[in-house]
């Protein structure tokens, strides 16, 4: 129904307070209490440390594969069920590996957050 | 004609389903927060399907198979890179980004670095990258539709734009989320079912069918499976491995030719002009576009030379870091309820993408056997759509083709709707005032402007290679995000200069590369994939300039940083979107005042 807007009933004081808050629109960073802040700082360092291992594994895998192919051209001759090993290594292997890496990191990252 | 009717039916079904789902989920959308971030209520699995649905664009659905057809083993890096980008996102960005409480990428920049100027610059880059991405989607949709019906290409682009705008208009992010999640599963079905049927037919039909095709590991070029007449639509340079007997009508190597011709390895490459018709005989070797592997054994083996290795690494770096710089991907992570859900989303995305990419690779390998003529015209993206009728002539092939066409159409729809939402979110909050009607107005612009560009520009004018657009994202937003989350001393001046330098370098190499294509290909290969140079330079610039301007660090830095890394349990999820667009009640609930609760 047009022109039929619902209005919240409130005391004049509340209305005044609300309209003031609306004017003062700037977003302020909410504060953490000292204990929370300390925990957050510790978590920041911990998450950074945790991310290093998966990153190294990933880099070794991704930078390593082209090198492996370059160093051992014989891999192309090697077949599993008629498919060259290099294709298996590029088309099948990376996706489960990436998922496993992600699942591993997820668990560690969430465990770190859950610690008491 | 039958095949066209099937394909048209497929496209119509996808369109109707998209409309319906969008309409259904728009009914609950009424506030700015619904339109911007779906009220942050999207659970990780639904969001992961939506992210994957949006991410698997035509480049993935059609392009990966085409790349595999042309480049073989080297093309397998593309899907690996597309997927690995999400691991980087998970490791470094997803949770802190969501916890920052921002609602767009420019808003994150302002929240972290406290600068309106940087916010404006980031908004400009989001709009630029967004439009650069949408235009090829619309053009490809136009081409796909004009292949089915005898209508001009702009009709298809218009249809996609209208469907997207209507959906986004109705419910913004709220409407798009369900649509994109649905479209992921639709695309998975649309590529998995035909691939499995075609593979079964291929294996059941005795594999390589005697002497008709070249085995994929033989040191010979692929051969035509039937008499083939091709019309060259864009000028190409062709190479042959063995003498090829053909009939050519048109312009070859600048000379007018008409009648039978012999192409020899000594004479190659042959420069074939637009409008030339080439007729090849059954069983003769297929010439390929210069730069692609000629024989099947070269195609099968990963390239091992040094310069190829550098290009591969450069591509991997662009894909790996570019994913986290794509605004339309990032905006989906703002819709999760908390940082933990955002992190889980990436895990699901990795699974969904890995599942999907198996199929285009299989299709690409099959098309090397059955549609090698695409190697001559260079339009390898058509491989997926042409393959079914070649392997299974008759009704089955037509239906499979229609399913694949419908999947491709879903890819155009989902990717462009994600891009339109992210661009209009930025336009409505940074240029306009951010009310729902502003968002709707911005949607009309974010959809209409790319449509106009798509119609005016020729497809080759703007379509950046996939690698290039990822390089652009990796050189602009990636350094700001990574350093913004993990480096204390970042300043807005450093971020701004880094974005301009990184983006400028990528665009410069794009221009140089285009010029060199017209003037004898003098540019080194790295210019075609510059991420290996531009990304480190962008990072360095950000760091050096930030160190030089330590006074510009935001005053409440410690608080901002801690909040990004505080676990959800500390009760932070205080939302910048609520602070700016929420009702007085919602905002009262999140302030720290005496009257809290």
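Every residue gets a Cβ built from N, Cα and C, even glycine.
In TrEMBL, annotation is done automatically, which means it is predicted and not curated.
As annotated by TrEMBL, transmembrane segment applies to B:6-23, B:48-69, B:117-135, B:155-176, B:188-208, B:313-335, B:347-371, B:399-427, B:439-457, B:463-485, B:492-516, B:522-545 (among others).
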- Message: Does the structure show the transmembrane segment (B:117-135) and the transmembrane segment (B:313-335) touching, where I'm treating 3 or more Cβ pairs under 8 angstroms (sequence separation 6 or more) as a contact?
- Response: yes
- Query: Are the transmembrane segment (B:439-457) and the transmembrane segment (B:399-427) close, by which I mean at least 3 Cβ pairs under 8 Å that are 6+ residues apart in sequence?
  - Reply: yes
- Selection from B:313-335, B:399-427, B:492-516, the stretch that has most Cβ pairs under 8 A to the transmembrane segment (B:188-208): B:399-427
- Recorded stretch that, among B:155-176, B:347-371, B:522-545, has the most CB pairs under 8 Å to the transmembrane segment (B:48-69): B:347-371
- Given pairs 6 or more apart, does the transmembrane segment (B:313-335) have at least three Cβ pairs under 8 Å with the transmembrane segment (B:6-23)? no
- Ranking B:6-23, B:155-176, B:347-371, B:399-427, B:463-485 by Cβ pairs under 8 Å to the transmembrane segment (B:522-545), which is first? B:463-485
- Report, as numbers and ranges, which residues of the same chain sit near the transmembrane segment (B:463-485): CB under 8 Å and 6 or more residues beyond its ends. 59, 63, 78, 81, 92-93, 96-97, 105, 108-109, 112-113, 122, 125, 129, 132-133, 135-136, 139, 315, 317-327, 330, 495, 498-499, 502-503, 505-507, 510, 528-531, 534-535, 537-539, 542-543, 546, 564
- Note on the structure: Counting Cβ pairs closer than 8 Å to the transmembrane segment (B:6-23), the top stretch among B:155-176, B:347-371, B:399-427 is B:399-427
- Message: For the transmembrane segment (B:399-427), give me same-chain residues lying six or more residues beyond its boundaries with a C-beta closer than 8 angstroms to one of its C-beta atoms, as numbers and ranges.
- Response: 3, 6-7, 9-11, 13-15, 18, 35-36, 53-58, 60-62, 103-106, 123, 126-127, 130-131, 133-134, 137-138, 140-141, 144, 148, 160-161, 163-165, 167-168, 172-173, 176, 179-180, 183-184, 186-187, 189-191, 193-194, 197-198, 327-332, 384-385, 388-389, 392, 439, 442-443, 445-447, 450
